[in-house]
Amino acid sequence: MSFDHRKYRPVAVIDKPDRRWPNQRIEKAPLWAAVDLRDGNQALIKPMSVAQKRRFFQMLVELGFKEIEVGFPSASQIDFDFCRALIEEDLVPDDVHIQVLTQAREDLIARTFDSLKGAKNAIVHIYNATSPTFREQVFNVDKAGCKAIAVRAAEWVKENAAKQPDTHWSFQYSPETFSATETDFAIEVIDAVNAVWRPDQGQRVIINLPATVEVSTPNVFADQVEMVHDNIQYRDDVIISVHTHDDRGCGVAAAEMAVMAGADRVEGTLLGNGERTGNMDLVTAGMNLYSQGIDPGIDFSRMKEIVALVEEITDIQTHPRHPYAGDLVFSAFSGSHQDAIRKCLARYQEGDIWTAAYLPIDPADVGRRYEEVVRINSQSGKGGVAHVLERDFGIDLPRWLQQELAGVVQGDAEEDGGEITSERVHRRFNSDYLNVPMGWVLRSYDLNRSNEQVQAQISIGDDRQPVTLLSGRGDGAMSALVDALNRRIGGEVKVVSFDEYSLGDNTEANAMACVRVQVGDSTQSAVAMAVDTTAAALQAILSAVGRMQETSEQLIANS
């Protein structure tokens, strides 16, 4: 049996009845650290060149990141050269810390400090794996030996930093595989490292807690972080950071809960690039805060540009459903969704609190157009069809006509099996409702009122058909035309639905009329636009009757 759950065991959970983090709220953004140029880079099939790293670094600076991990200079000549270029060409703003990673070896730590000579602000990040799997199966050391590795590395970092006093140094330590480590042992190692670095004496220290591999639900990780927060020495003098991965799909949630549990800093990558299933996505985490009215401190307003550069350099395409950044995340195909969105957008005024249905943020905030929101396919309904006509062409239809047109468009979508553009919806609207049948163009009308009755003289025709004069009487212009049509075609013409609208000033016509006409058991709808409401109403009735006549003639011809 190859698919056998019995080969696994559940992760151990912490007995922590005094947990406080579930009642906490995130009220400000954590300190963000972008690790795209190191952790993200090492996961690429084709790692970045120095030129690509420079472009990526510049984008991170422009977005507002203040701590940027730039490489692993002791392990890569490209990373070493990149560090030197950043420093020697003065590419690092004064308020930005560059961060580098090194293993806990004396020669590699010395090489790392060589790469940082002349830096204004730098973070040296050391790590060693502390979980039972690594202690017992990979390195064959006991707990004491594991702790000794971390302490020696901390001493080497302190010694090398003292040789370069002009740099403002930050020291960072990660008990790698923290999420799979006994939490009390992780605290023991952290305290031993802090005893060397003495953050209480002014040294800036970051204690980074990695979910190197995500092994539990986010609440378990939050318990672990809160336990560290509550029990490490020098807590008020150190920055607790977290570094989550997405092996179980909860990297962002784990980081958010960790902040609730006391973390001050979060590491991640743009769009979540990283080993295996990726690092925590800084875009999602930042925009989650933004959607709650919290300034993330990072400018994601040019989302398409961010996505384009990340895709170009990493050669990884962004999923169309990726939160906040994917092509389809602000698109609605479902009819009920479209109807709700349309109504909410119609009510929204600049300056209002955003509460639109199905849109957690205003798409315009990240550079997206409202034109992308409602899109039409076979799942769309009247709301979506009405929305694209109103949005793109300024045409506002009555509900009964929305339903009718939606059925027509849905048939087209089912036949094609794909998306229907707004231009195609408009063409369908024109051909089925707005275009005037041959010979049924309103040429002129004359209305005379006498004894509460209107006598109408209406001429119809076009360049291809001779002009026909219609005469009728009624309570108003429309009823007079209906009377005239009944006399001409010998049927019982009834207007069963009618709506009229004024059009914007930027159109040739000033009025639009929508009608549904019934003759016997048949109905036909039509729309007309004209310079005044009377002309629009008369033309709409003429078009509807004309279409019925065309249909009857076609049926007779085909029988």
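We number each residue from 1, going along the chain as drawn.
Cβ coordinates are placed from backbone N, Cα and C, and glycine is handled just like the others.
Taken from Swiss-Prot, the feature Mg(2+) binding site applies to Asp39, His243, His245, Asn279. In the three-state DSSP assignment, the secondary structure recorded for His245 (Mg(2+) binding site) is strand.
Swiss-Prot lists 30-304 with the feature domain 'Pyruvate carboxyltransferase', giving sequence analysis as the kind of evidence.
The region 'Regulatory domain' feature in Swiss-Prot is assigned to 436-559; the stated evidence is sequence analysis.
Of all the Cβ atoms in the protein chains shown, 25 others lie within 10 Å of the Cβ of His245 (Mg(2+) binding site). With a cut-off of 8 Å between CB atoms and residues at least 6 apart in sequence, the same chain places Val35, Asp39, Ser174, Asn208, Leu209, Pro210, Ala211, Thr212, Val266, Glu267, Gly268, Asn279, Met280 near His243 (Mg(2+) binding site), listed in sequence order. Using the Cβ center of Asp39, His243, His245, Asn279 for Mg(2+), the list of other same-chain residues with Cβ within 8 Å runs, in sequence order, Val35, Pro210, Thr212, Thr244, Gly251, Glu267, Gly268, Thr269, Gly274, Glu275, Gly278, Met280.
Of all Cβ atoms in the protein chains displayed, 27 besides its own lie within 10 Å of the Cβ of Asn279 (Mg(2+) binding site).
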